[in-house]
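Colleague: First the structure, which I've put down as structure tokens, then a few questions once you've had a look.
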Amino acid sequence: MPVNRVKLYFLYAILFLVFTQGFWERYTPIPAQPILEILIIGITLLSYKSILNPLCYNLLFVLSVGLICSISTASSIAYFKSIRFVLYFFFLYDIYRSTHFEIHQYLRLLKFLMGLVLLQGIASIIQIFVIGKQIEGYVGYMSSLGGSTATTFLVLVLSICMVILLYSNKQLPRKYIYFILLCIASAMLMGYSSGKRTIYFIAPITIILSVFLTRICIHKYRLVEFRKKLIYISILIIILFPIYILGATSTQFQLDNQVKKSGNRMEIISSMIEYAIFYENSEHKGRSTGRSGTTENILKSALNDSQYFLVGSGFNSYKNQNIARERNVIYGIVGFTRDVFSGGIIFAVLMSLWFIKVILYHDKIEQDPFFITLKYMILFSFLFTHFAYSADYVTHLKLTSLLILILPIINSKEYVHIKEYLLTYLK
């Protein structure tokens, strides 16, 4: 069997487990996480010769810095546990970036991935209408423990889908437009069923930014078509706005009953913003519980303590309540501050720069406006998640599994033939 076909089957299995892990954890005794990690290690051992390249050397440097920090804080075992998902992402990304797939193989993978995204929407509908309540830890069938993914997954899916919709031409079959819209709806339903408040702010920002970047990058001869799409999008937003308000009033914004009953949409939005600002900077007994306050406290501690600045408090030490109390934090640690807390400022900055380089990296191939826009929207998703919301890019594969399929089209010579095929519908 050709090695690329073996890799293909491994990738199908890995994607399936990533997107259904929560289902197995909730309803069966099957240990999905260990099976997933065994599959990743297996495909890595099978393809070890293909992972030595500049991105690998850059990551080795970052991880060497982290290892020194972990030795200094006596947390080496915790360090290897902490960074394993970054390694998994890199191994998978680099293996599949250098694998030559036929066009039909890649298209089937994309359809399979879209099906898995739609499955999350079905799971969310079941949760809303059968279970009958919002459960923060339940994120479709992907997760049963962490609710932040419901927001970050929405941002990434919406970023990718909006760029495709804005660049698509008349040759793209209408059924795929409907599938893309259903993927957006599925991601939205995941956010709602998990009771995430942030989606009501970040979704509009993501849409506006995708429109802005597309307007900057798109070819001039497509501007008329682009403006027509903006009209359709505006009409759709106006039609869906009442649903937006309904969702906001049924989510935990702690809106006053009088505000809810008044039906005054501007007053509802104003109350939502006030609550979000309060929550971001909230604290308990002088210790921060919101993301903004926690980020500020961790950075202040790092700047006032040279040892903490250089090597952190030890990997996974942020889970220790006593150590977290010393830094005046309770909740609200995001990806960047997790790395600062664990390995110091230098390690955190290097890890962030490595992720940015992976997203922006390309094999000196010509960049089309569509792929430039897509690349920067993915970068926006990473920056928002890693610096402002959660550690989802470094603690599991829910988001990075999408990048394993999307980024190689943008930056790998092995995918030029697939890229040219896709551009017939997006150029």
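The backbone N, Cα and C atoms fix where each Cβ goes, glycine too.
Because the structure is a prediction, the values reported are computed rather than measured.
The feature transmembrane segment is assigned by TrEMBL to 7-24, 30-48, 55-73, 79-96, 108-130, 150-169, 176-193, 199-218, 230-247, 340-360, 372-389.
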Colleague: The transmembrane segment (340-360) and the transmembrane segment (55-73): do they have three or more Cβ pairs under 8 Å, with pairs 6 or more apart in sequence?
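Modeller: These two stretches do touch.
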Colleague: Which range wins on Cβ pairs under 8 Å with the transmembrane segment (30-48): 79-96, 108-130, 199-218, 230-247, 372-389?
Modeller: 79-96
Colleague: Mind checking which residues reach the transmembrane segment (176-193)? Cβ under 8 Å, same chain, six or more beyond either end.
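Modeller: For the transmembrane segment (176-193), the list is 114, 117-122, 124-125, 127-128, 134-135, 138-140, 150-151, 153-154, 157-158, 161-162, 164-165, 168, 199, 203, 247, 251.
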Colleague: Between the stretches 108-130, 340-360, 372-389, which wins on the count of C-beta pairs under 8 angstroms to the transmembrane segment (150-169)?
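Modeller: Ranked by Cβ pairs under 8 Å, first place goes to 372-389.
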Colleague: Hey, which bits of the same chain come close to the transmembrane segment (79-96), Cβ under 8 Å, at least six residues off its ends?
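Modeller: For the transmembrane segment (79-96), the nonlocal Cβ contacts are 7, 11, 14, 37, 40, 43-44, 47, 50-51, 53, 55-56, 59, 63, 66-67, 69-70, 315-316, 342-343, 351, 358, 394-397, 400-401, 403-405, 407-408.
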Colleague: Hey, which bits of the same chain come close to the transmembrane segment (7-24), Cβ under 8 Å, at least six residues off its ends?
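Modeller: Distant contacts of the transmembrane segment (7-24): 30-33, 35-36, 39-40, 42-43, 46-47, 92, 95-96, 99, 101, 105, 109, 112-113, 116-117, 119-120, 123, 138-144, 397-398, 401, 404.
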